[in-house]
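Participant: Have a look at this one.
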Amino acid sequence: MSRTTTVDGAPASDTDKQSISQPNQFIKRGTPQFMRVTLALFSAGLATFALLYCVQPILPVLSQEFGLTPANSSISLSISTAMLAIGLLFTGPLSDAIGRKPVMVTALLLASICTLLSTMMTSWHGILIMRALIGLSLSGVAAVGMTYLSEEIHPSFVAFSMGLYISGNSIGGMSGRLISGVFTDFFNWRIALAAIGCFALASALMFWKILPESRHFRPTSLRPKTLFINFRLHWRDRGLPLLFAEGFLLMGSFVTLFNYIGYRLMLSPWHVSQAVVGLLSLAYLTGTWSSPKAGTMTTRYGRGPVMLFSTGVMLFGLLMTLFSSLWLIFAGMLLFSAGFFAAHSVASSWIGPRAKRAKGQASSLYLFSYYLGSSIAGTLGGVFWHNYGWNGVGAFIALMLVIALLVGTRLHRRLHA
């Protein structure tokens, strides 16, 4: 007698057998399949953002070791997010053609290997090349994970599952910053990045093992004409271009604050250590709560109001960082992080329902704008820091958030007119 197994070769449970016999059934919350998807994508998000942002708290160290200005040092992060943004234009359509899981697994493995190789680079240009390859590789996870959830999870639970995925992103960003900051203080930055690379490699292997294969994936053509038609369709939508703008502004604000807050706090009167700068990433923990919470709140209040409220929380948190009290600054960072991850969770969960087809490409365009904001605003923030100090950086971030509120208001009115 043949033995029914799951996609990873493990014996299938009764629930798995039922799902296999009904291939069109969406995965619902509370089922073993939902737990596997949640754990797999949580670990993928964690590894992705640990790899991407591990250099952020050590920017002052890189400035000292390689004789760089803050703006030039920030390129080690900006080049990763820029290449990630460019890669999204290709990996989303690629996943539409060959499948979600193969693209994500390959991307995580390549990014982990490039991170380990970056610890062997002796020149700044060598480090930048590795960081560019890391960003390009991670583009295969960022948008495809969102698309996988929108395809495989029951529509009633997509916002909740997206919130859990984003919470994995927040923990990953926190872990990468925390490990690199503390390990750099006690050892050096090369050992710190090597530890993160090994951690991400283990996460990639676990992700490959437990993520179920796509059941609702239908391959589409990679012909340039088809890609252009879908691109035009997305940009003609009443809501998608505004969501793309939201991603640019939200991420640009978030990265700018965390890029330069460390420079500020290492100066007088605080003089905090590199380890403490890394510990500031604990502010990300609020994102692990606010992301799924925002997802559940959308069912009661709607996506527009929740996104606007979350953006307002970011603005209030930013204002608190303008004070000199270290406790007020950290409290402001907590609020800022909570608001960001909530707003991003809502915006990203809005993409799938709005896209009429080629959802992978739509998610890629959103995250292209998202990471483009990180690259452009993250580097421009260094100019404001150099010329105007933290007040200048705060004014720059506040301007982006006010524009985000205006865009969000227009989006809500347009889709509910």
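Cβ from N, Cα, C; glycine included.
Below, the features straight out of Swiss-Prot:
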{"type": "TOPO_DOM", "residues": "1-38", "note": "topological domain 'Periplasmic'"}
{"type": "REGION", "residues": "1-22", "note": "region 'Disordered'"}
{"type": "TRANSMEM", "residues": "39-59", "note": "transmembrane segment"}
{"type": "TOPO_DOM", "residues": "60-73", "note": "topological domain 'Cytoplasmic'"}
{"type": "TRANSMEM", "residues": "74-94", "note": "transmembrane segment"}
{"type": "TOPO_DOM", "residues": "95-101", "note": "topological domain 'Periplasmic'"}
{"type": "TRANSMEM", "residues": "102-122", "note": "transmembrane segment"}
{"type": "TRANSMEM", "residues": "126-146", "note": "transmembrane segment"}
{"type": "TOPO_DOM", "residues": "147-152", "note": "topological domain 'Periplasmic'"}
{"type": "TRANSMEM", "residues": "153-173", "note": "transmembrane segment"}
{"type": "TOPO_DOM", "residues": "174-190", "note": "topological domain 'Cytoplasmic'"}
{"type": "TRANSMEM", "residues": "191-211", "note": "transmembrane segment"}
{"type": "TOPO_DOM", "residues": "212-241", "note": "topological domain 'Periplasmic'"}
{"type": "TRANSMEM", "residues": "242-262", "note": "transmembrane segment"}
{"type": "TRANSMEM", "residues": "265-285", "note": "transmembrane segment"}
{"type": "TOPO_DOM", "residues": "286-315", "note": "topological domain 'Periplasmic'"}
{"type": "TRANSMEM", "residues": "316-336", "note": "transmembrane segment"}
{"type": "TOPO_DOM", "residues": "337-364", "note": "topological domain 'Cytoplasmic'"}
{"type": "TRANSMEM", "residues": "365-385", "note": "transmembrane segment"}
{"type": "TRANSMEM", "residues": "388-408", "note": "transmembrane segment"}
{"type": "TOPO_DOM", "residues": "409-417", "note": "topological domain 'Cytoplasmic'"}
Participant: Please report, as numbers and ranges, the same-chain residues at least 6 past the borders of the transmembrane segment (153-173) whose CB is under 8 Å from any CB of it.
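Facilitator: Counting only partners 6 or more residues beyond its ends, the transmembrane segment (153-173) has Cβ contacts under 8 Å with 26-29, 34, 37-38, 41-50, 52-53, 145-146, 281, 284-285, 287-289, 291-296, 298-299, 337, 341, 344-346, 348-349, 352-353.
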Participant: Out of 102-122, 126-146, 242-262, which stretch touches the transmembrane segment (388-408) the most, going by CB pairs under 8 Å?
Facilitator: 242-262
Participant: Under 8 angstroms for C-beta pairs, at least 3 of them, ignoring pairs fewer than 6 apart in sequence. Is the transmembrane segment (102-122) in contact with the transmembrane segment (39-59) by that rule?
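Facilitator: Checked: the transmembrane segment (102-122) vs the transmembrane segment (39-59), in contact.
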Participant: Most CB pairs under 8 Å with the transmembrane segment (191-211): which of 39-59, 242-262, 365-385?
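Facilitator: Comparing 39-59, 242-262, 365-385 against the transmembrane segment (191-211), the winner is 39-59.
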Participant: Do you know the mean pLDDT across the topological domain 'Cytoplasmic' (60-73)?
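Facilitator: Looking only at the topological domain 'Cytoplasmic' (60-73), pLDDT averages out to 90.
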Participant: With pairs fewer than 6 apart in sequence excluded, do the transmembrane segment (242-262) and the transmembrane segment (316-336) have three or more C-beta pairs that lie under 8 Å?
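Facilitator: These two segments touch.
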Participant: For the transmembrane segment (365-385), which recorded stretch in the set 39-59, 126-146, 242-262, 265-285 gives the largest number of Cβ pairs separated by under 8 Å?
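Facilitator: The stretch I would name here is 242-262.
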Participant: Counting each residue once, how many in the topological domain 'Periplasmic' (212-241) are helix, strand and coil under DSSP?
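Facilitator: Summed by class, the stretch gives 14 helix, 0 strand, 16 coil.
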Participant: Among 39-59, 74-94, 126-146, which stretch has the highest count of C-beta pairs below 8 Å with the transmembrane segment (242-262)?
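Facilitator: So the stretch in question is 39-59.
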Participant: Tell me, please, if the transmembrane segment (265-285) and the transmembrane segment (39-59) are in contact, taking contact as 3+ Cβ pairs under 8 Å between residues separated by 6 or more positions?
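Facilitator: Since 3 or more Cβ pairs under 8 Å link them, the transmembrane segment (265-285) and the transmembrane segment (39-59) do come into contact.
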Participant: Mind checking how the topological domain 'Cytoplasmic' (409-417) divides into helix, strand and coil residues in DSSP?
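Facilitator: Per-class counts: 7 helix, 0 strand, 2 coil.
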Participant: Near the topological domain 'Cytoplasmic' (409-417), which residues from the same chain, at least 6 beyond its ends, have a CB less than 8 A from one of its CBs?
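Facilitator: Counting only partners 6 or more residues beyond its ends, the topological domain 'Cytoplasmic' (409-417) has Cβ contacts under 8 Å with 238-239, 242-243, 246, 302-305, 307-308.
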Participant: Tally the residues of the topological domain 'Cytoplasmic' (60-73) by DSSP class, grouping H, G and I as helix, E and B as strand, and everything else as coil.
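Facilitator: With helix first, then strand, then coil, the topological domain 'Cytoplasmic' (60-73) has 11 helix, 0 strand, 3 coil.
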Participant: Can you tell me how the residues of the topological domain 'Periplasmic' (286-315) break down into helix, strand and coil by DSSP?
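Facilitator: For the topological domain 'Periplasmic' (286-315), the helix, strand and coil counts are 29 helix, 0 strand, 1 coil.
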